[in-house]
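*Asks:* Okay, here's the structure, questions in a sec.
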Amino acid sequence: MIRPSRRWAASLAVTAAAALAASALSSPAAQASGTNTTPAKARTAAASAAALDGPEQIRNGTFDSGSDPWWHTENITFDTTGGKLCADIPGGTINPWDVIIGQNDIPLVQGETYAYGFSASADPAKVGRALVQLPVDPYTAYLTANPELTPDGGDHAFTFTSPVDLATGQVVFQLGGSATPWRFCLDNVSLKGGAEPEVYVPDTGPRVRVNQVAYLPKGPKNATVVTEAAAALPWRLKNSAGKVVASGASTPRGVDASSGQNVHSIDFGAYTKPGAGYTLTADGETSRPFDIGAGAYETLRSDALKFYYPQRSGIAISDDLRPGYGRPAGHVGVAPNQGDTTVPCQPGVCDYTLDVSGGWYDAGDHGKYVVNGGISVAQLMSEFERTKNAPTAKPLGDGALRLPESGNGVPDILDEARWEQEFLLKMQVPDGKPYAGMAHHKIHDQAWTGLPTLPHLDPQKRELHPVSTAATLNLAATAAQAARLFAPYDAAFAAKNLTAARKAWAAAKANPGRLASPSDGTGGGTYDDADVSDEFYWAAAELYITTGEKEFNDYVLASPLHTADIWGERGFDWGHVAQLGRLDLATVPNALPGRDQVRASVVAGADKYLATLTAHPYGVPYNPPTYDWGSNNLVLNNMVVMAAAYDITGTRKYRDGVLQGIDYIFGRNALNQSYVTGYGEVSSHNQHSRWYTHQLDATLPNPPKGTLAGGPNSGIQDPLAAEKLKNCKPQFCYIDDINSWATNELTINWNSPLSWVSAFVADQGDGTVKAPGTCQVTYTTHGQWPSGFTTQVTVKNTGGTTVDGWSLKWSFLGGQKAGQSWNAGLTQSGATVTAKNVSTNSKIRPGQSITFGFLGTTSGGANPNPDLFTLNGAACA
Ligand code: 9MR
């Protein structure tokens, strides 16, 4: 695809306000500008003195002469008896703009910086909303502030620079949205021109940057120190008792383009002792503390997946399963929701309604998008599928994620993936309708909702948007993958997916150019993509792996993408999915001609990312001149490629590349912070979301532990980032503020590589690289007929000691079942088969082999030889 630029940003900024303006008097919080009272992590250059020189723009800001010219919504009255303005704010309103106090006709001068201030109180305490804005549709806000108001009152001061010349500016206080009544008082409102613009300087703490979570004891350990020093600096590693346990000298690395900083790197990988609370000191600065140990990644791999359950639409989130995150079901047709059980199309798009309830909300908004759902569910399924094929992979079982479905005999990760896959299936156009078999591109609100809006309180009309080839191929790819993965657990669901995948493929072939519109961005993201050749390739690859059929074999081999260098510097994402196909062709068993070259191409991609990482003084496998929207997911996806290369080759450097890459995510970066909520001493926790809005409303939670922030984005498309991060170097284009939807959103397709990579890291245990097992397996299918096959397996002991009693494991691709066997006893759980010796062949002497055989049944799909066999727990060569 062509990477989208600012289009989405522009339409969000305008349409969010426009939509709500229809039903309310002022704009919502989806867009924000201006500066807040000193945020915890920011210092601001003083602005107030100069501003005081400017002329006062507010009339009667002290309420000494009654309330004129202030106005209010009809649900309150003014009381100015105490020389200030007070009002009883009713309970039971939903939106902030349901109760407003304001003043009109405030002149604003373009480019002028203003100091805005007031004293205010709330009893009981509340977070208010103060805006300076356009008084008419689209109600563009030039300043949005969320002052914390207390019963004792307090002064609040802000500055902002007006982007417009406007004689009719409006100052408003939005006070609605409280379930219970409260009292608001206001005094000394002042807006003066002539202020110095504030300069936002992030608090980046100590100049020694480490992975604040943990280094694996036997893995690489690297840090970065920001310094003016040109020559090497001494460093010391201290344990939690303050004792120096290792020391050395740094390596000067010059000026890093991604941060603009002069930096040195530090390698302390020789130290391997596990422990908590280590610190690293260099150039007079001591890093934030970190662990040496493996435990954190075991927890992270589940937390990164647990993220999905509270993103679910169409089901109540149980507070028992997710304490603090319980909420009613969103979009199940209960007022004020308008769906998603009978959703019409946008006018003129279709004449039917669909039940598209369920699925995950995409991100911080309430939209559900097939292309983004596609890559997300694919990555979860691939995380599971990797456990069948990668020597180090260990599965998470049923119950590991505390889901409503836990205990149903299906691994929880598949249960979670199914929640989304069921939704993707529902987006397919039914038989007999125009474009039958295609998938609608997306379903979302007619207009953007404001912050905060819990899913069940979203009153907007929901609409299906036109079908697209990209969405249809996402459905084909994920349904084909689901067909093989669910086959051992639910044959009917697997078959339903395969049918849908075939239909989608045929419909996409018949309609190869139905592109999503780049301007269809009102109320939801566009996810437009002008090039769908990669979606075709991905879908063909998945259909081929599942079915083994000639049509898909031929399509894959003929696609120019099959041999192209697809390992670009900017990584892959929802709009660049050839990589998903190539990775699966390389790592999932299949009989594609030339598969060795496919595997070699993944290793070549990993070599590129490793080279980028090695050259980067912060160790990042991503280094374009500007960072993209959601850069953290691109960094992580480049790690997925290195991890796949390790799974394919067993070569340590690829694994170590992943272990270094995560350091960047967890704090070895210019901002000295972790991008995963709850991991690291300082971590992102105010990600943009309509319902994890703790920053705006203390009664609501922050995003759950294990939530990835999008990360630095040079585009800084939202007004807050645009104001605070102007001219930022790539790594600095990030702010942990709920209003920064361009740098700090959470999404289902960003947590999916986080979860994939954290599972890979957890699988590495303490970092010891296991020697390959001393066995060699020959698996030969001698006969195959439509529903069955017969296979002979030979296991050779290539080691120097006798194996006495053996158990050989492998996993089938899909729905195969091992039946009658000879010379071994076979049992099967899911797709995994365990063959155990019989009494006559329990010993395998060095250099000797044993042979056993079995009859199997298939569910009709491909039946490739497994790639991975483990003998007594160790992977065979
Ligand atoms: O992740 C998307 C990113 O690649 C695009 O550049 C950006 C602008 O089109 O949109 C991002 O997706 C957003 C989507 O449009 C709406 N839901 C939130 C997504 C994350 O910010």
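Placed from the backbone N, Cα and C atoms, the Cβ positions cover glycine too.
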*Asks:* Scan 28-67, 308-347, 428-467 against TrEMBL and say which stretch is down as region 'Disordered'.
*Replies:* 28-67
*Asks:* I need the CA-to-CA distance for ASP736 (active site) versus HIS688 (active site), whole Å please.
*Replies:* 9
*Asks:* Have a look around ASP736 (active site) and count the other CB atoms within 10 A of its CB, chains all included.
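*Replies:* Within a 10 Å radius of the Cβ of ASP736 (active site) lie 24 other Cβ atoms.
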*Asks:* Please classify the secondary structure at ASP736 (active site) using three-state DSSP.
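*Replies:* DSSP call for ASP736 (active site): coil, neither helix nor strand.
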*Asks:* Tally every other Cβ atom lying within 10 Å of the Cβ atom of HIS688 (active site).
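*Replies:* Cβ-Cβ neighbours of HIS688 (active site) within 10 Å number 28.
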*Asks:* For the domain 'CBM2' (768-877), what is the mean per-residue pLDDT, to the nearest integer?
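*Replies:* Over the domain 'CBM2' (768-877), the predicted model scores a mean pLDDT of 96.
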*Asks:* To the nearest Å, how far is the Cα of HIS688 (active site) from the Cα of GLU745 (active site)?
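*Replies:* Cα to Cα, HIS688 (active site) and GLU745 (active site) are separated by 4 Å.
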*Asks:* Which number gives the other C-beta atoms within 10 angstroms of the C-beta of GLU745 (active site), all protein chains shown included?
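*Replies:* The Cβ of GLU745 (active site) has 24 Cβ neighbours within 10 Å.
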